[in-house]
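Trainee: Below is one structure. I have some questions about it.
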Amino acid sequence: MRKSVVAIVGRPNVGKSTIFNRLVGDRISIVEDTPGVTRDRIYAQAEWLNHTFHVIDTGGIELGDEPLLVQMRAQAEIAIDESDVIIFMVNGRDGITAADEEVAKLLFKSNKPVVLAVNKVDNPEMREAIYEFYSLGFGEPHPISGTHGLGLGDLLDETVNHFVDLPEPEEDDETIRFSVIGRPNVGKSSLINSLLGQERVIVSDLAGTTRDAVDTSFTRDERDFVIIDTAGMRKRGKVYESTEKYSVMRALKAIERSDVVLTLIDADTGIQEQDKRIAGYAHEAGKAVVIVVNKWDTIDNDETSMKEFEDEVRSGFRFLDYAPVVFLSAKTKKRIHTLLPAVVQASENHSKRVSTNLLNEVIVDALAMNPSPSIKGQTLKIFYATQVAVKPPTFVVFVNDPNLMHFTYERFLENRIREAFGFVGTPINIYARKRT
Ligand code: GDP
Ligand code: GDP
């Protein structure tokens with residue numbers, strides 16, 4: 001089932017990001033040496049009762065120097081376009097302002113369910129203040145306090161009440177779902193078009209999400225693929241379309257539904273900071289990753305330049321050392337045939353299971369090669385390892401004391417496992433657990 005998306009909208013300073021942070025808590029882990037992924041986040045997962053959903057803080061999407069009213073309209077449009085339920089937030093201390101009324105007008109026309117939250121109601125005496133907000137026309141105002149964490153339960157009860165089941169389109173597990181991410185102008189649309197140009201294409205509107213998710217299925221060499229299109233489904237012409245935060249949010253939405261994420265780089269402009277940030281999102285999500293160097297037609301196309309560029313990619317994207325690098329031109333279609341085999345390989349490795357016997361042989365060999373470390377006179381003992389999950393492959397290593405499993409030793413084990421089983425294209429997780 002697709003997860004519902006909740007957007008928080010309202011004028012500046014009503015407390016949107018305070019509430020956003022309360023809802024998403026610290027769920028997102030920060031992975032070492034992944035560049036700045038979780039800073040300034042505006043899109044994250046939250047949970048309430050038995051619901052898992054996504055939250056957008058629309059206040060985080062700012063449009064340069066545009067006047068306040070333009071900003072607020074754009075944020076309300078994002079909420080309307082991107083979410084299933086909208087939390088409209090106002091400030092109980094200020095009463096209704098002209099800006100609140102502007103936002104209300106837009107939301108009113110949208111036909112999306114709107115839940116009205118009156119923030120900064122920090123104590124019971126202030127509850128009187130909420131009544132005037134009935135006149136906004138969104139039913140019962142819910143008093144909350146972001147600072148004190150009050151009223152959030154009722155607000156969320158009401159919010160999840162509006163969730164409807166959002167089925168994914170049916171397809172079997174063999175289907176490989178992938179998305180294409182990258183900065184503006186790296187060639188995402190061109191790549192998708194040129195992949196699809198050769199195929200019989202079925203474009204399907206996802207039930208309930210016609211506004212954004214156009215999934216395109218095609219078959220190649222008897223394998224079924226679905227492209228989750230972030231590029232083609234851009235809201236061309238909307239004022240917020242070119243803001244970085246907005247494109248990041250779209251990328252995160254697509255990544256979440258993918259098995260494999262193609263991270264595009266422009267050979268012509270070279271690697272930029274934004275490329276690293278965007279690639280970091282795919283890594284953090286635990287998806288299989290293929291790095292695609294596009295516009296290879298603009299480079300003197302010999303082996304040396306390919307090697308040089310790969311070295312640049314490797315040093316720029318250290319956290320993606322498992323991802324294969326493919327060089328191609330979406331425009332001339334040169335080398336484009338090298339792409340899908342890499343996608344298939346990454347996907348197969350992402351869902352690969354290895355036998356427990358073989359795994360433990362590899363661990364025993366690894367221990368013989370590089371005896372486990374000691375910390376303060378205590379030596380790590382490894383008893384047994386087993387694969388507990390796929391997508392991505394996840395291993396648990398049972399040990400005498402997990403604190404003795406140093407990051408570098410874990411890295412060493414990961415490399416041995418990779419050498420033995422060839423997990424090209426997929427991250428793998430290793431957890432040390434105390435044997436009980
Ligand atoms: P945003 O611009 O809508 O995202 O608002 P922020 O979350 O940045 O909050 C604006 C200011 O209001 C900050 O100084 C917060 O500390 C404060 N604030 C947020 N929630 C509450 C609340 O429930 N009560 C009070 N008194 N202040 C709050
Ligand atoms: P997007 O913003 O990532 O979707 O990028 P587009 O697909 O819209 O492409 C941006 C620009 O790059 C367009 O002018 C394309 O024609 C150009 N472009 C895309 N792929 C290639 C390529 O392989 N080689 C060259 N030379 N130009 C390309």
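Cβ atoms are placed via backbone N, Cα and C, with glycine included.
These came from TrEMBL, pasted as-is:
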DOMAIN    4-167  domain 'EngA-type G'
BINDING   10-17, 57-61, 119-122  GTP 1 binding site
DOMAIN    176-351  domain 'EngA-type G'
BINDING   182-189, 229-233, 294-297  GTP 2 binding site
Trainee: So if I draw a 10 Å sphere around the Cβ of Val121 (GTP 1 binding site), how many other Cβ atoms end up inside it?
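Mentor: Result for Val121 (GTP 1 binding site): 25 other Cβ atoms within 10 Å.
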Trainee: Would you mind listing, in sequence order, the residues at least six apart from Gly182 (GTP 2 binding site) in the same chain with a Cβ closer than 8 Å to its Cβ?
Mentor: Lys188, Thr263, Leu264, Ile265, Asp266, Asp275, Ile278
Trainee: From the Cα of Asn185 (GTP 2 binding site) across to the Cα of Gly10 (GTP 1 binding site), what is the distance in angstrom?
Mentor: 32
Trainee: With every protein chain in view, what's the tally of Cβ atoms within 10 Å of the Cβ of Ile61 (GTP 1 binding site), excluding that atom itself?
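Mentor: There are 21 such Cβ atoms around Ile61 (GTP 1 binding site).
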Trainee: Which binding-site residues from the set Gly10, Asn13, Thr58, Trp296 have a C-beta atom lying less than 6 Å away from ligand 2?
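Mentor: Cβ < 6 Å from ligand 2: none of the binding-site residues.
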Trainee: Of the binding-site residues Asn13, Lys16, Thr58, Ile61, Val121, which one has its Cα closest to the Cα of Asn185 (GTP 2 binding site)?
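Mentor: Going through Asn13, Lys16, Thr58, Ile61, Val121 one by one, the closest to Asn185 (GTP 2 binding site) is Ile61.
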Trainee: Between Asn13 (GTP 1 binding site) and Trp296 (GTP 2 binding site), find the distance joining the two CA atoms and give it rounded to the nearest Å.
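Mentor: Approximately 47 Å lies between the Cα of Asn13 (GTP 1 binding site) and that of Trp296 (GTP 2 binding site).
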Trainee: Take every residue in the domain 'EngA-type G' (4-167), average their pLDDT values, and give the whole-number result.
Mentor: 87
Trainee: How many whole Å apart are the CA atoms of Ile61 (GTP 1 binding site) and Trp296 (GTP 2 binding site)?
Mentor: 33
Trainee: Rounded to a whole number, how many Å is the Cα of Lys16 (GTP 1 binding site) away from the Cα of Trp296 (GTP 2 binding site)?
Mentor: 44
Trainee: Cα of Thr58 (GTP 1 binding site) to Cα of Trp296 (GTP 2 binding site): how many Å, rounded?
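Mentor: On Cα coordinates alone, these residues lie 37 Å apart.
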Trainee: Taking the Cα atoms as reference points, how far is Val121 (GTP 1 binding site) from Trp296 (GTP 2 binding site) in Å?
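Mentor: For Val121 (GTP 1 binding site) versus Trp296 (GTP 2 binding site), the Cα atoms are 58 Å apart.
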Trainee: According to DSSP, collapsed to three classes, what secondary structure does Trp296 (GTP 2 binding site) have?
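Mentor: Note: Trp296 (GTP 2 binding site) is helical by DSSP.
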Trainee: Taking the Cβ of Gly10 (GTP 1 binding site) as centre, how many other Cβ atoms lie within 10 Å?
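Mentor: The answer is 27.
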Trainee: Around Lys16 (GTP 1 binding site), how many other CB atoms lie within 10 A of its CB?
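Mentor: Within a 10 Å radius of the Cβ of Lys16 (GTP 1 binding site) lie 26 other Cβ atoms.
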